[in-house]
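Comments concern the structure below.
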């Protein structure tokens, strides 16, 4: 790794909002270490590992994930991604690329949160059919936006590809056939997974494929599907 002083990424010991960040750190050869917090078991789901230090880290808006890079202390997962991406010119070059990045950053997070809300809802099983019914229409929008481009900003890889891969992969795990109607999305997933540093990370013990969510979730809360 290239940097002499490691960044510190703080998050729960799950995939969650940190997967795209971890992949971007790995892809950019950024030296980093993780501070992982563990949520307790049912029924209390004790979060004291994090809550005991939450307001002692000099964070402006204390939350997980956080990234510490020397004097720079950042929360909000997309702000962290942008911070890393700016260091490596991965936010888009042209105005068109930057616009597409801005759109995708927000659109994919809206999409992510729909699945998150479902997974943590106590009525998960009864609400699941409704989610699956509307899923193809949402995926079609992403397919049309990608079109014939290689990446979601165009022909240049940007940080939103890391976000989008993560969210599409979670949906693919939730409904394995959901991408079958969208060859360009499937091709995007294959291209991303074939990036040398991404392929190595996904096969490493540093990668959290599961659990996606924390222990109180109704889906994605265990180490295997």
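Cβ from N, Cα, C; glycine included.
What you are looking at is a predicted structure, and each value in this text was computed from that prediction instead of being measured.
Some features that Swiss-Prot has for this protein:
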BINDING   11, 12, 50, 51, 52, 53, 54, 63, 64, 76, 77  glutathione binding site
BINDING   120  substrate binding site
DOMAIN    5-92  domain 'GST N-terminal'
DOMAIN    94-212  domain 'GST C-terminal'
MOD_RES   6  phosphoserine
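Most Cβ neighbours within 10 Å among the binding-site residues 52, 54, 64, 120: this distinction goes to 64. For residue 77 (glutathione binding site), the same-chain residues that are 6 or more apart in sequence and have a Cβ closer than 8 Å to its Cβ are 17, 18, 20, 21, 65. Here the recorded positions are 6, 11, and the one with the most other Cβ atoms within 10 Å of its Cβ is 11. Cα-Cα distance from residue 54 (glutathione binding site) to the residue listed as 'phosphoserine': 21 Å (rounded to the nearest whole number).
Taken through DSSP, the domain 'GST N-terminal' (5-92) splits into 29 helix, 20 strand, 39 coil.
When every Cα pair among 11, 12, 50, 51, 52, 53, 54, 63, 64, 76, 77 is compared, the largest distance found for this glutathione site is 21 Å.
Other Cβ atoms within 10 Å of the Cβ of residue 50 (glutathione binding site) number 19 in total over all chains.
The subset of recorded positions (6, 11, 50, 52, 64) lying with their Cα within 10 Å of the Cα of residue 120 (substrate binding site) is empty, i.e. none.
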